[in-house]
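Reviewing the structure listed below.
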Ligand code: NAI
Ligand code: MG
């Protein structure tokens, strides 16, 4: 089959890791008889440098003309918070997610078999296995609410950020979570703060209604503070964890660390229609950019998610994951995941080894 993929290489290590992921896509194409064609899309700090805006006009249209979008990372100290909003890379990320209608952010946190020793939790906890999928609402809540900033008479400046959720927004993300759980271990943990927040009480009532529609899926409510604790105490208890935007932002970072390295973790953002956006969870890592040190695995596993969720190519997705696990099992490590005494390999060599496994 033929697929069109938009490539947002971005800033810092973005172009390096996307370069390796494209090699992997080509290897998948060869092995399974698909043709992937690429369209480069400018977004982030590099776009600000080129055209004065981090989110150039027509960006969403270019992406919508493709079947999926692969993004490296954007941002860096050069385009900091002192810049006007339209020049900041973060603005572009929020804008593209909104314009593509990507309301569900999927972040698997799975301990890869060859990397069990990298888990910072107790050995017994790691041995129980960690394989969860965080499903974060991505286009609502406090990150998209009205912001206010005003001077008070007696308390100095005051700021406010509004958090709002509609039943429609909660129901569509909730449904995604139950559908995804059916493909996995059939358990949904819904995270809220219903003992305090009105939005959470609405969240919980919608989730309970959905739970009745999916009697084959086990369901539980978890308060966000308890969830933060459980992720460190016993992450093996979770399968699909669904939550609102800000809670999900924080908890997904926490969940990712229990698996050992930021350089290994992929993500997907999807809506009701194509294209989905696939990207590593890490940022542009300016400290190691341009040095052939970045771990490309997170981006390569994002391509596996693209195969699974946008193209419904499960064999191709599994082949990529098996190739990554194979290279790790052979002992190859980039610097970020190298144990003491292991000589690390570079970004390009890691990409080449994964392609070799795919072709073998
Ligand atoms: P970061 O994820 O870029 O880096 C954190 C640490 O992890 C650094 O020490 C970095 O060297 C290391 N690291 C990250 N990815 C790695 C990889 N693939 N291989 C090896 N080591 C890796 O987060 P940080 O430093 O907070 O942010 C740097 C810039 O990236 C900022 O401008 C930030 O806004 C942006 N950012 C962009 C994101 C995106 O494009 N989705 C997400 C997070 C941050
Ligand atoms: Mg974050």
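Residue positions begin at 1 at the first shown residue.
Here the Cβ of each residue, glycine as well, is placed from N, Cα and C on the backbone.
Heads up, TrEMBL stuff is auto-annotated, nobody curated it.
Just so it is clear, the model here is predicted, and its values are computed rather than measured.
Summarising the annotation, TrEMBL assigns domain 'Isopropylmalate dehydrogenase-like' to 4-354. Marked as substrate binding site by TrEMBL: 97, 107, 136, 225. Annotated site 'Important for catalysis' per TrEMBL: 143, 193, in sequence order. Positions annotated as Mg(2+) binding site by TrEMBL: 225, 249, 253. Here TrEMBL flags 283, 284, 285, 286, 287, 288, 289, 290, 291, 292, 293, 294, 295 as NAD(+) binding site.
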Model confidence over the domain 'Isopropylmalate dehydrogenase-like' (4-354), averaged pLDDT: 95
Those recorded positions in 107, 193, 283, 289 whose CB falls under 6 A of ligand 1, listed in sequence order: 283
Recorded substrate binding residues, 97, 107, 136, 225 - maximal Cα separation rounded to whole Å: 27
Additional residues around Mg(2+), ordered along the sequence, whose Cβ is within 8 Å of the centroid of 225, 249, 253: 224, 228, 246, 247, 248, 250, 251, 252, 254
Residues 283, 284, 285, 286, 287, 288, 289, 290, 291, 292, 293, 294, 295 [recorded NAD(+) binders]: greatest CA to CA distance in Å: 16
Greatest C-beta neighbour count within 10 angstroms, which of the binding-site residues 291, 295: 295
Chain-internal residues, separated by at least six, CB under 8 A from residue 107 (substrate binding site): 133, 134, 136, 252, 255, 256, 265, 266, 267, 281
Annotated recorded positions 97, 193, 295, filtered by Cβ under 6 Å to ligand 2: none
Inter-residue Cα distance where the pair is residue 295 (NAD(+) binding site) and residue 143 (site 'Important for catalysis'), in Å: 29
Rounded to the nearest Å - Cα separation of residue 291 (NAD(+) binding site) and residue 253 (Mg(2+) binding site): 25
